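The feature transmembrane segment is assigned by TrEMBL to 12-30, 86-104, 124-143, 163-187, 199-219, 225-245, 331-351, 363-382, 423-442, 475-494, 506-525, 531-552 (among others). TrEMBL lists 96-242, 398-551 with the feature domain 'Sodium/calcium exchanger membrane region'.
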Amino acid sequence: MGFSFSLNRFGYLTITFFLVISCLLLGFFTNPVDSSALRPKSEHDCSALKHFHDYKSKCAYLKSIDPCASQGFFDYLSFLYCNFEGFPILGQFLLFLWLLLLFYLLGHTASEYFCSSLESLSKLLNLSPTVAGVTLLSLGNGAPDLFASLVSFMGESKGTYDVGLNTVVGGSGFVTCVVVGIISISLHSRRVRIERAAFIRDICFFCVAIGSLALILVYGKINFWGALAFCSLYAVYVAFVYLSWRFGGDQGSESDLESIHKRGSLSEPILQRDGLEEIEDGVVNGEHQIVDDDDHHQRYYYWKRLVLWVITLPLNLPRILTIPVVSEAKWSKPLAVASVTFAPVLLSFLWNWKRQPTSFEAGIVYLIGCLIGIALGFIAGATTKKSTPPKKWLLPWLAGGFVMSMTWSYISAQELVALLTSLGYIFGVSPSILGLTVLAWGNSIGDLITNLTMALHDGNEGAQVAVSGCYAGPIFNTLFALGISLVGCGWEAYPSSIVIKTDPRLLESLGFLVVGLVWSFLVLFSNRMRLGGVMGIGLLVIYLASLSLRIMQTGGDAH
């Protein structure tokens, strides 16, 4: 028992160390600090585009100034205005298509690589199901929001705080109102009961998180220690959940995690299985019902998967060659050797991509990256087997996969925020409203599909897990994802404070969020903790009212 406790404690410290250090360093690593980066960007440069009425003049203006809205690899404003003067619709269509691909890239990286690393680390470090559920599972589900928040606060452009704040608030409102509302309406006939203690715990901590964020916004600034205290509230939440399970006999969290494991691993989305895999399962289980129609379906799904594989290959191949994967199901020695070889090269490229590639310093960085990659490749080739993943020294492999999956997630989020900011200037829409809607919806649609499917098909236990996840996720995004971003900015500005412009409309959104929580609380308690249509319809009305008010206010500003 003592050994198990020590291993668990070591596991918690290791996970926390990897996560916090990686998050803080990524902001510096993908954006090397130099004198130009420390100078504030001129926000009025991009705003001046509205005074030009044709693509040619806008292109000439953009060429005369430094990039004013690009914090990613591409200058999307110049791409549109300088290449599609005669075909503006085509240029805008390509930008929206790239937006969809970035959402796919961010979500797929989180589910396929990031969550896989988290699950393997949880098993290796012998974390208890309770703590793994409220930390690693929440981290896996909230990874897109985490990286979008990090980019908004710690990216090259320092004018996107409002995007990160609105994304977190918008995502929280969508999940706690829309997702919970749809689940409640869908289950109204089953009269599912929600566990009272877990619901009260989550509602109370979420209200504390919202209140703390509101205080930060009203005060208008926060220093490093204040940001650290805000982020530490999530550790208090995790400790409370663990202690209630450990000493209070609350087995809800463990059963929640076990229910999720019944459907698959943390890295395997519920809707990932398609018809072809179901047919294959039928053959393996001896269900000999495959007839001509099934053969036709097999061919159909085979060609569909082949077409999707070809289309997504340009997006998947760079990640396959740079993210180490050591799971039993996906093990490939050639790919493992290639990934540890090319990962340092990618990191050296990211370090130098803002510098002159011919400079002596850049050449040294590339040389170091190549030498480290070659050395790691030889070590991996000599110490691994072709048939099975490594059993010894597994932690370095998992740590490498963890860091590289975080790197790719950060790159995807960086491009996503940069593109949304550029689209705001193109269409005259505030980037904050795009964060509140488009980015928040894109990051939260997976929660809608996953939680709704679990609630509909996993009985009462699945409904409990789904509803609990709808509150645990926003708590994580508000306290940890936003908190770690504030900690990083506070560290950069230390000992000074970072200034966050007070936005009354963001406070209004937080107010509507509290109204939704109070409505859920009152309706559930009056209905003996049963989900119902009244609760769901009320939550949807509250969300639509909040969104409509925000859009009308933004439209009034534009007018």
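Glycine is no exception: its Cβ is also placed from the backbone N, Cα and C atoms.
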Quick tally over 199-219, 331-351, 363-382 of CB pairs under 8 Å to the transmembrane segment (475-494) gives the top stretch as 199-219
Counting only residues 6+ away from its ends, which parts of the chain sit with a Cβ under 8 Å from the transmembrane segment (86-104)? 55, 76, 79-80, 312, 315, 412, 415-416, 419-420, 422-423, 426, 438, 442
So, do the transmembrane segment (506-525) and the transmembrane segment (363-382) meet, by the test of 3 or more Cβ pairs under 8 Å (sequence gap 6 or more)? no
Six or more residues beyond either end and a Cβ under 8 Å away: which residues meet both conditions relative to the transmembrane segment (199-219)? 165, 169, 176, 226, 230, 233, 237, 240-241, 244, 467-468, 471-472, 474-475, 478-479, 482, 486, 500, 502-503, 506-507, 510, 513-514, 517, 520-521, 524, 529
Using a Cβ cut-off of under 8 Å, list the residues of the same chain at least 6 residues beyond the transmembrane segment (331-351) that approach it. 29-30, 32, 318, 320-325, 365-366, 368-370, 372-374, 376-377, 379-381, 384-386, 388-389, 400, 404, 407, 411
